[in-house]
Amino acid sequence: MENRWQVMVVWQVDXMKIRTWNSLVKHHMYVSKKAKGWYYRHHYETKHPKTSSEVHIPVGXAXLVIVTYWGLTTGEQPWHLGHXVSIEWRQGKYKTQVDPEMADKLIHCYYFNCFTASAIRQAVLGRPVLPRCXYPAGHXQVGTLQYLAXTAXVGVKKRRPPLPSVTKLTEDRWNERQKTQGHRGNPIMNGP
C-alpha cells in the first residue's frame with residue numbers, strides 16, 4: 001500500500017501567538033463565559049503527535065476547528081520553530097479549509113454582540129444604544145456610513161482581555177502578502 005498524502009493549508013505562526021491564543025480561548029471559556037459551547041482539546045487528548053491543541057467552535061449545525069501544531073519543519077528564522085495553525089470547517093463528513101478572516105466572521109456572527117439595524121436608528125433618535133460590537137475583528141470590510149456614525153456616537157471601548165481572533169493568531173511577518181514598493185522606492189525603475 002502506498003503512502004497517501006493530504007495537503008492542508010497551515011499558517012506558520014510564532015509560538016508566543018499560540019500561547020496567547022490558547023490563554024484567551026481558555027479565559028473566555030471558563031472566566032468570562034462568552035465562548036459557550038467551545039471545546040478545548042489538549043495535546044495529550046489527540047492522536048496526532050504534532051498537534052499541540054485543538055479548539056472546536058460550534059457554528060450552527062457545523063463546527064469550526066482551529067488546530068495548532070508544533071514540531072513541523074523549521075522555518076527560515078530561528079523563532080519560527082515549526083509552529084503552525086490550520087482552520088477547518090466541519091459539517092458531518094464534509095471538511096474544508098477556511099481562511100482566518102472568514103473564521104473571524106463566522107465566530108463574530110454566532111457568539112459576540114454586534115450593532116444591529118435598530119441600534120443606528122436609536123442613536124439617530126437620541127435613545128441609548130445598548131448593543132456594541134464586542135468583536136471588531138469580525139468586520140474585515142470598511143463600515144457603512146451609518147455604522148461609522150453609530151460607532152462615533154456610542155464610542156469604542158477596549159476590552160481587556162481581548163476576544164480571541166483567528167486573524168490576529170495567523171498574522172505575522174511571514175504570512176503577510178508581499179507589498180510592492182511605489183515608483184519612488186523601486187531602484188530599477190528610477191535608475192541608479
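Using N, Cα and C of the backbone, Cβ positions are placed for all residues, glycine too.
Record features, source Swiss-Prot:
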type	residues	note
REGION	14-17	region 'Interaction with host APOBEC3F'
REGION	40-44	region 'Interaction with host APOBEC3G'
REGION	54-72	region 'Interaction with host APOBEC3F and APOBEC3G'
REGION	74-79	region 'Interaction with host APOBEC3F'
REGION	75-114	region 'RNA-binding'
MOD_RES	THR96	phosphothreonine
MOTIF	108-139	motif 'HCCH motif'
BINDING	HIS108, CYS114, CYS133, HIS139	Zn(2+) binding site
MOTIF	144-153	motif 'BC-box-like motif'
REGION	151-164	region 'Multimerization'
REGION	151-180	region 'SOCS box-like'
REGION	160-192	region 'Disordered'
MOD_RES	SER165	phosphoserine
COMPBIAS	169-179	compositional bias 'Basic and acidic residues'
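In the three-state DSSP scheme, THR96 (phosphothreonine) falls into the strand class. For the modified residues listed here (THR96, SER165), the lowest count of other CB atoms within 10 A around the CB belongs to THR96.
Distance between Cα atoms for the residue listed as 'phosphothreonine' and HIS108 (Zn(2+) binding site): 19 Å, as a whole number. Within the same chain, residues 10, 12-13, 15, 18, 21-22, 25, 35, 37-41, 46, 81-91, 98, 103, 106-107, 109-111, 166, 169 sit at least 6 positions outside the region 'Interaction with host APOBEC3F and APOBEC3G' (54-72) and bring their C-beta atoms closer than 8 Å to a C-beta of that stretch.
Averaged over the motif 'BC-box-like motif' (144-153), the predicted model has a pLDDT of 64. Each residue contributes its Cα atom, and for SER165 (phosphoserine) and HIS108 (Zn(2+) binding site) these two points are 9 Å apart. Helix, strand and coil residue tallies for the region 'Interaction with host APOBEC3F and APOBEC3G' (54-72), in that order: 0 helix, 14 strand, 5 coil [DSSP].
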